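*Asks:* This is the structure, below, for whatever I ask next.
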Amino acid sequence: MSSLFIKKKGNTKPDKKAESGAGTKRKAPANGEGKGRTKKMTSRLNEEISSDSEPESPAVEKKARVQEDEEIEETAQEKKLRLAKLYLEQLKEEEEEKAEVEDFEKDLIAGRLQEDVLEQRGKLQRFVAKDYQPPDIADIRLLRGHQLPITCLVISPDDKQVFSAAKDCSIIKWDVETGKKLHTIPGGRKGTEDRHVGHTAHILCMAISSDGKYLATGDRNKLIMIWEAAPCKHLYTFTGHRDAVSGLSFRKGTHQLYSASHDRSIKVWNVDENAYVETLFGHQDVITGLDSLSRERCVTTGGRDRTVRVWKIAEESQLVFNGHEGSIDCIQLINEEHMVTGADDGSIAVWSVGKKKPLVTVKQAHGCHGDGGLEQPYWISSVAALQNSDTLASGSNNSKVQLWKCGEGFRNLKPLFSIPLTGFVNSLKFSNSGNFLVAGVGQEHRLGRWWRIKEAKNGLYIIPLKKQNSEQDVTNGK
């Protein structure tokens, strides 16, 4: 029985488990070869299982493909919709930006029109004084070319050139950026009037037209000379005053010229036609200063008659203002309704054409000089105003130029800072941009030889005005 059982067992196929476990013992594989085979078998088994898990039905596969096609078709529609939305949003943004630009331009135009209206009414006041800072002394440039004290100066409308005149009867055209002379009209000796093209006596005043075409100069010989500003070519000479010509101004936007004289009269000229128009009388003493803007009117100071007058040319009438205690020597319009004056009593006053008395007066604006008990205020020899703003400047012979800040409505005046300059500051002018101030300085006062400051230098000082970055405020003057 046992042998039969053994034979039958030998004919029977061996079981896999028995073969792998209870069969004949084999030599163990080296270096984990058995483990590697186990991993391969496990991996193959996993592949078979995943293969068996896939759907084998063709209907199921077809349904899945239809679903995928539908998903692809919906994505294309969504893409078109998304692109359409993006395009609409882009159009909307462009329209909004365009509307913003248009609104900004409208605001700019409205603001500019409002400023123009306020300027015409004489009520525009830009608050810019708070932005100015004292300049560095090293940045101030001195331009020398005149042999005698500077008496007057003007700046071209584009701020690129300065014209200056002096007691040496010469006129010099300067380049502001380089500081070089562009042209010199030399002065002539007394008695050479017939053959000399130019002045042969002290030049006291000058003016330039608002388009920069004409330059006018006046001297102690009662003459007004008209020049073509660009080439400095002499065009014609106006005669008619019976004493020294002390003030000149072109009406803004025109070639109408106003002149003032020590003969106490105001004359009106048409430069385009080389013609005299009319004469106005009223002052009781020599006229020392004159200014005008775009209205058909001018303002003058009457020296020791202590009056400021507003001349309405068309109406042939005048307004008289009183306030200073001494001789009023200089005047400048701030806007059409307000002006600043300086006198030899050391005071500076700001006026409105609607009031007979000053809105504000600063006495001893530049201090006093002299021994105790005999102190005298420094004369105010020049004033300047940055047009339609709250910034003023004044000059004397106390070795400094003083800048001032006007309050709202021009009802108060406060010192900003001072700039050291030795000599008589005979003329002051702000550039149209407000970026610099030009001072004409001499060893003597422009109207006489009462004192002499030997250490002073006759020349032009270009003073840069540094600004802080801040928004510009505009308000109505009152």
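Count begins at 1; order follows the chain as displayed.
A Cβ is built for glycine as well, from the same backbone N, Cα and C atoms used for every other residue.
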*Asks:* With TrEMBL as the source, which of 77-107, 294-324, 387-417 is set down as coiled coil?
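*Replies:* When 77-107, 294-324, 387-417 are checked in TrEMBL, coiled coil belongs to 77-107.
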*Asks:* Using a Cβ-Cβ cut-off of under 8 Å, list the residues of the same chain that are 6+ residues beyond the ends of the repeat 'WD' (196-228) and lie near it.
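*Replies:* Hits for the repeat 'WD' (196-228): 151-158, 163, 165-167, 169-171, 185-190, 234-239, 241-250, 252-255, 257, 259, 261, 269, 271, 274, 290, 446-447.
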*Asks:* Taking helix as H, G and I and strand as E and B in DSSP, count the residues of the repeat 'WD' (143-184) in helix, strand and coil.
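*Replies:* Helix, strand and coil residues of the repeat 'WD' (143-184) number 0 helix, 22 strand, 20 coil.
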